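Q: Taken from TrEMBL, the feature domain 'ABC transmembrane type-2' covers B:34-270. The transmembrane segment annotation in TrEMBL covers B:36-57, B:69-86, B:107-140, B:152-172, B:179-198, B:248-267.
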Amino acid sequence: MPEPIVLAEGLRKSFGDTHALRGLDLTIPKGTICGVLGPNGAGKTTAVRILATLSDPDAGHARIAGYDVVRDAGQVRARIGLAGQYAAVDDKLTGRANLRMFARLSHLPRRQAHRRADELLERFGLTDAADRQVAGYSGGMRRRLDLITSLILRPQVLFLDEPTTGLDPRSRGEIWDNIRELVTDGTTVLLTTQYLDEADHLADDIAVVDHGHVIATGTPDQLKATIGDRLDVVLQDPDALNQAATVLKALTTTEPTTTGADRLSVALPGGSLKLADVVRELDRAEVAAADVRLRRPTLDEVFLRLTDRKQTVR
Amino acid sequence: MTALTAPLDRLRWTLTDGLTLVGRELARLRQEPGQIVAALLFPAVMVVLFGYVFGSAIRVPGGGDYREYLMPGLFAMVTFSAWLGVMTRTASDASRGVMDRFRSMPMARLAVPFGQTGADLLTGLLMLTVMVTAGLLVGWQPHRGLIPTTQAFLLMILLRYALSWVGVYVGLAVKNDQIADALVPLGLPFTMLSNAFVPTGGMPPWLRLLADWNPVSALTAATRELFGNPGAPSATAAWPLAHPVTTVLLWSATLLAIFVPLSLRAYTRQGR
């Protein structure tokens, strides 16, 4: 098997008494999207900064396309793109001027730099806004410009640090489409996000990070399977809540969570329980259910379970 | 792809990338023409304001026209504004992540500070041109011929360049454009506390000591001497005023020797 294009082993980094990374391992195969999920302060950004050569690890090592991020930083920089929270464009310039400048700084000859700028503006639908000052762009347009600036040199690996934080749903969807398109070109993407649905939609693999190390990895489906399906019950009469909880606990041997005045949710052990059994047991206890539904857990539930935050879910 | 290996190659890319960044500053100005007008109008307004408002009340020691006395002081004031502009722009790049993008790219590492100080040099030359024009219009002129006049301008440019490196360092150190903006008004009292607008002879002794040793005073005295403008220091003047040209050269060399390495180190190490 060839070496994964992104390989990090035992990365550690502290800022004074704050241990941002405590032995982080990460591998990303070529041409895939890896979603790095974690609560604020989990170490996601620190990890990206190290992989993008902006910061040195205290211990451990990382390689991008076979090049060490500390020793061969120059080779790494020639193969990566960085966008999102921690990279930016010049507000005072136009979109086109920004792209041309960054293309020149990437050492493309002038004519080629101009052509590449036009090409990217065209492909990502910014041609109309190209000659306006970036300060007047909408949040979504700014992020898109930021994203395409990181594509000037056709990077092998693209680091996107929370690329859609603070965007409206429509702009978010557009950025998602852009990211998916990149992967069809063969780019490998490392995406950090706090939005679980973002990782669910985009990522081939997910690495859940908490307290500076990876606590779980897998495809979104694999991660969901680790905590089993969930059962949601909506009652006709809210007064029957306690009674329903007793029935569900007896069936699943798990304490159900109250998710509303008239509703409960409970994790199912294994896959043995049938919906019909639940309905029959509730009937027998004379609890009238308005709705009983079996579903896959959301990634939020997986995440909360894994990161051991409070168990109440939406 | 460019592998920055051979030193000659590296030098070439530092220059090329530095020039690209100088071009960036010019493009920014083009986007906001109001800013150029304001930046150029300011020195012209100062010439009129100080020349006629203060000039009506201040008597130049040893006689002479106040506006002739004033112009070297205004040149010094504009020179010392260099570090403020560079600091603000550097801090803004550092706080908005533009600096991080530069540092994640395969570009020459030293190009960013060199580009920023180079761009400031161009701005400085433009401002000097406006000042000279305004000065000539209100009756100022150099009296000692081409070579001393050229020396005076070279001295200003040298000190300005040295000061712009102070700006790079402070900008990288504060890393926050709001703090940087808050520091800007400090520039004015620093310039006022000198011989730029009034002779220091009448100040209380402790204040006079500060004013005499202020590098703004040294630059003002040096250019007064080289332009042949009134206000030559008395025989009992403090050492920096008695030897102003040497003092300015020493200041420039010292600032460059301290702040160039500090800035380069801060730039390459930032965020590590």
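Glycine is no exception: its Cβ is also placed from the backbone N, Cα and C atoms.
TrEMBL does not curate its annotations; it predicts them automatically.
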Q: Output the single range from B:69-86, B:107-140, B:248-267 maximising the number of Cβ pairs under 8 Å to the transmembrane segment (B:152-172).
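A: Maximum Cβ contact count belongs to B:248-267.
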Q: Please indicate, using numbers and ranges, the residues of the same chain that are 6 or more beyond the transmembrane segment (B:179-198) and have a C-beta under 8 Å from a C-beta there.
A: 50, 54, 58, 70, 72-74, 76-77, 80-81, 84, 87-88, 90-92, 170-171, 207, 210-212, 214, 216-217, 220-221, 231, 241
Q: Mind checking which residues reach the transmembrane segment (B:69-86)? Cβ under 8 Å, same chain, six or more beyond either end.
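A: Residues 43, 46-47, 50-51, 54-55, 60, 116-117, 120, 123-124, 127-128, 131, 135, 140, 152, 156, 159-161, 163-168, 170-171, 183-184, 187, 190-191, 194-197, 215-216, 219-221, 223-224, 227, 229-231 contact the transmembrane segment (B:69-86) from elsewhere in the chain.
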Q: For the transmembrane segment (B:36-57), what are the same-chain contacts with Cβ under 8 Å, counting residues 6+ beyond its ends?
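A: Here the qualifying positions are 29, 66-67, 70-71, 73-74, 77-78, 123, 126-127, 130-131, 134-135, 138, 197-198.
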